[in-house]
Amino acid sequence: MEGENNPVLNPEVIQNSELANDKSMLLKVCTVLSYTVIFNTCIYKAPQVYAIIHSGSSAGISLTSVILEWIAYSIMLTYHFAKDYPLETYLEIVLMVLQDAILTAIIVVNRELVNWKVIPYTFAYMLAFIVIALNWLSESLMIIVIGMTTPILCWSKVDQLMEILWTKDPGSLSTLSWFITVYDTGVRILTTMVILKDMAMFINLTVSEILNIAIFSSIVYFNFKKNRNAWKPVELTQ
């Protein structure tokens, strides 16, 4: 009886204390993982950019896919900012938006697609960026906007996946860049579950991760197949 009345010995109190400690530890793990994502994101497009510059070709890369990814991550960035989420939960998205913009510019220049027609699209992008970031939309519209990133990212990644499967050649696509993408998205699924508890973001990231793994696996498979064929011994004819 005395033990039950003592809060120190009460099993329920002990259990709650253990749960609190576990949750605290999980939050610390998520914070550490968040910083690894930020570090990875600093360089995640660098191998891809290097591959294009080194080879002088952007073959195998779907420009549509890159632009759609850029738009989707821009929406995610402005949504997180408008919701006043902790910076460490989305800092890497800032870097992803910048690197996607750089990669888009490099591909456009490489394919000689620069012309005046891009100006209206640039202004439309900037206007949408400002409107969402400053939270000028109603809550219902914000939910619709963040929900749009799922089909946009799906379209982006499916387009890139189909490009690989159709040509059976990943071209200058970087295996390292896509590995980093798979890792970072996996971590963000965990931090979204533990810290943000945002179902819309969780669904978005989960769908994105499935397609990331499919693209990464396709790049690895076709590169392996290409390298194996390159090393196949040549038969000597009599």
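Glycine residues also receive a Cβ, built from the backbone N, Cα and C atoms like all the rest.
Annotated in TrEMBL:
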type     : residues : note
TRANSMEM : 25-44    : transmembrane segment
TRANSMEM : 56-77    : transmembrane segment
TRANSMEM : 89-109   : transmembrane segment
TRANSMEM : 118-134  : transmembrane segment
TRANSMEM : 202-224  : transmembrane segment
| query | Which stretch, 25-44, 56-77, 89-109, 202-224, tops the Cβ pairs under 8 Å count with the transmembrane segment (118-134)? | reply | 56-77
| field | Folded-back contacts onto the transmembrane segment (202-224), same chain, C-beta under 8 angstroms, at least six residues removed | value | 76, 146-147, 149-150, 153-154, 157-158, 160-161, 164-165, 168-170, 173, 175, 178-179, 181-182, 185-186, 188-189, 192-193
